[in-house]
Amino acid sequence: MLSKAHPRYESLVLRDKIVKASKEGLLADSAMIAHGRGEAFDYLLGEKTTIPAKRAMYVTVALMILSKNPVISVNGNTTALAIDEIIEFAKAVDAKIEINLFYRTDKRVDKLTQLYKDHGYPEILGSNDDDIMYINEIKNPRASASKTGIYSADTILVPLEDGDRAEILSKSGKNIITIDLNPLSRTSKMSDVSIVDNVVRAIPFMTKIADDLKSQDKELLKGMIKDFDNKTNLEESLNSFKIKEDIQ
Ligand code: ATP
Ligand code: MG
């Protein structure tokens, strides 16, 4: 049993969730490595949500509220870490959820589909091969997307996306939003809005923002989006990392 008094308690709880999901066959082999990379960045961030991350989250929620067909793309890691929070956020902004796996296997898609059903969300997209289309007709598994989901979406939230796929998405003309603890990843650099934060903090925070912004004037939301510059915000996110500390 993990003790709550342990200085790394929260982080170890997340690590346990990833290990458990891996044992259950929900994750690709490289998923633990991706999680570890995220952990390292989060450590340097003090495991806290920064001001630039919050700013990007407000813009994200505004974009999702104003969009016709917003979609949240999920993989094994995001599901293992925050399935209930993702479902709640999707409902708050009226978005669809689509399973999109970098290393897609039918077995893992089926397991994730079942998990969403078990958590009260049977409408999950991306679980049916018949529904698959290719973004910009690129016949590459990296470009695959569900017809009524990512393929026809105007705004896509892609937490923990891979750079190759982010590049294809960014060329599609859709609004691409990512949650990635690494401000230097290709995904962060290529997205229209980059939230440099842990998905476990960002997703529930955005549900709260949605409760606030839903009743606001649409012009106000448009103004927030117009005033946002992702490059400047990413630079600010990068400056939030603590890479110098006195060793006592
Ligand atoms: P890219 O392909 O975009 O250049 P990468 O190859 O460095 O990025 P990937 O392994 O493709 O990284 O994707 C994993 C990314 O997800 C990493 O940048 C990692 O920092 C980030 N990450 C891992 N866990 C979390 C988490 N819980 N919350 C937010 N980001 C995370
Ligand atoms: Mg990558």
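FYI, residue positions are counted from 1 along the chain as it appears here.
The backbone N, Cα and C atoms fix where each Cβ goes, and this holds for glycine too.
Because TrEMBL annotations are produced automatically, they should be read as predictions rather than curated entries.
According to TrEMBL, the ATP binding site annotation covers R15, R37, D180, L181, N182, R186, T187, N198, V199. When secondary structure is read from DSSP and collapsed to three states, V199 (ATP binding site) falls in the helix class.
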Could you find out if DSSP has T187 (ATP binding site) as helix, strand or coil? helix
Based on the record's binding annotation for ATP (R15, R37, D180, L181, N182, R186, T187, N198, V199), what whole-number value in Å is the widest Cα to Cα distance? 24
Set of same-chain residues at least 6 away whose C-beta sits under 8 angstroms from V199 (ATP binding site): N77, T78, L81, A82, P159, L160, I179
Report the binding-site residues (R15, D180, N182, T187, V199) that meet this criterion: Cβ distance to the nearest atom of ligand 1 under 6 Å. Use sequence order and write none if nothing qualifies. D180, N182, T187, V199
